[in-house]
2 protein chains.
Amino acid sequence: MEVKIGLLGCGTVGSGVIELVQKRQDMISRLTGLQPKITHVLVRDPQKPRQVSFIDEQLTTNADDILEDSEIRMVIETIGGIEPARSYILRALQAGKHVITANKDLIAEHGTEILETAEHAGVDVYYEAAVGGAIPLIRPLKESLTANEITDLKGIINGTTNYILSKMTETGADFADVLKEAQELGYAESNPASDVDGLDAGRKLAILASIAFHAKVTLDDVEVTGIRTITAADVAYAHELGAVIKLVAEGTDRDGNLTLQVRPTLVVKDHPLAHVSDAFNALYVRGDAAGDLMFFGRGAGSLPTASAIVGDMIEVLRNLRMDTALRVRQLLLPHKRVRRGQGEPARYYVRLAVNDQPGVFAQIAAIFGQAEVSMETVLQKRSRQNSAEIVIVTHEVGQEQVTKALNALSAVNDVQTIHNVMPVIGGAQ
Amino acid sequence: MEVKIGLLGCGTVGSGVIELVQKRQDMISRLTGLQPKITHVLVRDPQKPRQVSFIDEQLTTNADDILEDSEIRMVIETIGGIEPARSYILRALQAGKHVITANKDLIAEHGTEILETAEHAGVDVYYEAAVGGAIPLIRPLKESLTANEITDLKGIINGTTNYILSKMTETGADFADVLKEAQELGYAESNPASDVDGLDAGRKLAILASIAFHAKVTLDDVEVTGIRTITAADVAYAHELGAVIKLVAEGTDRDGNLTLQVRPTLVVKDHPLAHVSDAFNALYVRGDAAGDLMFFGRGAGSLPTASAIVGDMIEVLRNLRMDTALRVRQLLLPHKRVRRGQGEPARYYVRLAVNDQPGVFAQIAAIFGQAEVSMETVLQKRSRQNSAEIVIVTHEVGQEQVTKALNALSAVNDVQTIHNVMPVIGGAQ
């Protein structure tokens, strides 16, 4: 039996979906007993040359052709962004169509509305492609690992910043130059804010944390620091300390208290996340029964993203054949609370510029001592014009203590600037 | 609604299942709308002290109490081995009970019989725990990655040999000593053959390959080499070459031609598998759409294995609530063929003992040259009593060529012994 599918959007991801469905037509039929057929593709410009070929009548510029066609059982959304994707998805769900989306912005910001609409309409929403590209993350968390209380998520889940930081590490170049190159190569968008300011990683962490911790979490719950302030100097100091800088997303659940953070982080080279380069993503998951798990793979790209979407499509086809829906519901536990500024104890890297004169370091050391922050490593370099640069790596200490020490430091006259503060993971403890 | 469950076996894994179900009772009910209740536990000796507590009537020594109780909807098998596990599972399936098993030996050797019996009876068999302990592998391969043609599997999937090889690397001790210690610590069984001869890894590879490559594959299809011949000398040479020795399971599908091998392998330290130590498992998967993926976690242990089993239990509960079965069928493609001795091109490590006299190395070099095997690195050490040890690392070469060269070498009078031949992965190419 043929199952009609509408595809919203035909950019990089949408083309990948068409290509993969064509390629796997036979296998999908054997697996599910049903033949998926993408009958309509919503595009802005039907004349635009594309890498995939269509039957003429497939292309449309009118979303109603898909949303109001009662024969279409499934809608795949690859437009991205909030509107009109949100309205289209809500209309599709209300019309009784199953929805598959790769739209992390939408799920992170309007996930509750979308899931509730789907539940009310008795249809499913799948979004494996929204986080981690090809890597199975959503479904393992929602299905395979459900016997666990998940306590920790930690990973690299934004490809653009990982590419930029990898290139900064390889070449020693500064952020702005590498960003420009990444934009020219198409690895970064012309407006890179969402990626380089950590918002994209924050949204993905919100999606993962909602599932893993059984909580309603949005971007607003995530403390986000981007990578714009990371300089070639930080990269060089990290190297001197045996580490690389990565944008790490981290979520913890301690007896219902959630902490959610996206921060540039010094990853010592003995830690597996140090070796996740360029466009790859990786996620650590700790469960109370399973222990530590890691998932690694391509976080973006046409076919990797299509791999996740078509995997979801096969799941919907299975549900259609079995005539079931809403098999896997998201559990929400009411007692979960988000705390801010109370991250797990960690070692911290602090880079400061201070007046280059006697007694300044003693002052700093005294302030750290008063805040009960002990130092593991200190690198001091003369810079220029009466300014010295100090890099401190602390012993393991709570985030609140570090914040206290930094607040005290910034009140000291001889401290010119606190350049960067980053947690350190890995390394002998 | 309560769902009655029978548990066969109450050793390490079975106790973990009881503990985890008790701990997660409330969460499982919220997730599935059903209350799992383990009403009967089959044990050999009801008097034996155990780490979990029972209601008295739960324990039984008679399997019929479970298999013939029509109220029991689900049977969890944690006995291990072929019989009586196989008969019990077949009877449970024929009686219309869903089955969850951690039994890799049984699935690898009798998987087809068990899956066909289940299909005939209209019930499901889940076995996530059979490979990779807590790591979600079976379900991602059967469900999330189904849009891919999987071309490569490569991993460390036996904890005992990984523990032994890790300890040999750390301590420089020989195989026999480390095995003895591992047996005393309970990391290796008193009869270690299944692990150290590579059969356990071979069975797990057969299970993974059956799913990933859509083929009927059993242990007989896997070329297996164990780790008994690995000596402290090999470990030391590997170290000199910047590598560690791991037991690597590898399966490839090249246009329907499958190659399945379990072999001790030199893993250069820049390769992620080099850092998978002790009881951890890791599996690389390459799909034509997804690209490279890696899954990592605890390969065994009471709660990690229970994590996978109770994850499967929740899946069965979902199916019971939706009144569906056989949602996910295993696809078998008829054109798949297993080839032997035709592994992918690789660099090879060869360690030989030869007569310590002029001209011998020239002879060896000539034989390698005739077989078109070129050498990348040669280490030659004088041993004792007219015997010299030669270690050769070849450039990348097909397995058939290496075999040809080795056959020619073994016919040379001055070659005393070919100690070990291992592929090399990782390292600059």
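Note that Cβ sites are derived from N, Cα and C of the backbone, with glycine treated the same way.
Predicted automatically and left uncurated, TrEMBL annotations should be read as such.
The annotation active site, proton donor is assigned in TrEMBL to A:Lys204. The NADP(+) binding site annotation in TrEMBL covers A:Leu8, A:Gly9, A:Cys10, A:Gly11, A:Thr12, A:Val13, A:Gly14, A:Ser15. Annotated NADPH binding site per TrEMBL: A:Lys104, in sequence order. Taken from TrEMBL, the feature L-homoserine binding site applies to A:Glu189. Annotation source TrEMBL lists domain 'ACT' at A:349-423.
Features as recorded by TrEMBL, highlighted on the structure.
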| residue | record | contacts (Cβ under 8 Å, 6+ apart) |
| --- | --- | --- |
| A:Leu8 | NADP(+) binding site | A:Gly14, A:Leu42, A:Ala63, A:Ile66, A:Val75, A:Ile76, A:Glu77, A:Thr78, A:Ile79, A:Ala85, A:Tyr88 |
| A:Gly9 | NADP(+) binding site | A:Leu42, A:Val43, A:Glu77, A:Thr78, A:Ile79, A:Gly80 |
| A:Cys10 | NADP(+) binding site | A:Ile18, A:Val41, A:Leu42, A:Val43, A:Arg50, A:Val52, A:Leu59, A:Thr78 |
| A:Gly11 | NADP(+) binding site | A:Thr78, A:Gly80 |
| A:Val13 | NADP(+) binding site | A:Thr78, A:Ala102, A:Ala129, A:Ser302, A:Thr305, A:Ala306, A:Ile309 |
| A:Ser15 | NADP(+) binding site | A:Arg50, A:Gln51, A:Val52, A:Ser302 |
| A:Lys104 | NADPH binding site | A:Tyr127, A:Ala130, A:Val131, A:Asp200, A:Arg203, A:Lys204, A:Ile207 |
| A:Glu189 | L-homoserine binding site | A:Thr160, A:Gln183, A:Asp195 |
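Listed in sequence order, A:Gly301, A:Ser302, A:Thr305 are the same-chain residues six or more apart from A:Thr12 (NADP(+) binding site) with CB atoms under 8 A from its CB. For the recorded NADP(+) site, residues A:Leu8, A:Gly9, A:Cys10, A:Gly11, A:Thr12, A:Val13, A:Gly14, A:Ser15 set the reference point as the centre of their Cβ atoms, and the other residues of that chain within 8 Å of it by Cβ are A:Leu7, A:Gly16, A:Val17, A:Thr78, A:Ile79. Across the domain 'ACT' (A:349-423), DSSP assigns 23 helix, 33 strand, 19 coil.
Taken together, the residues in the domain 'ACT' (A:349-423) have a mean pLDDT of 91 on the 0 to 100 scale. Annotation note: A:Leu8 (NADP(+) binding site) sits in a strand segment as assigned by DSSP.
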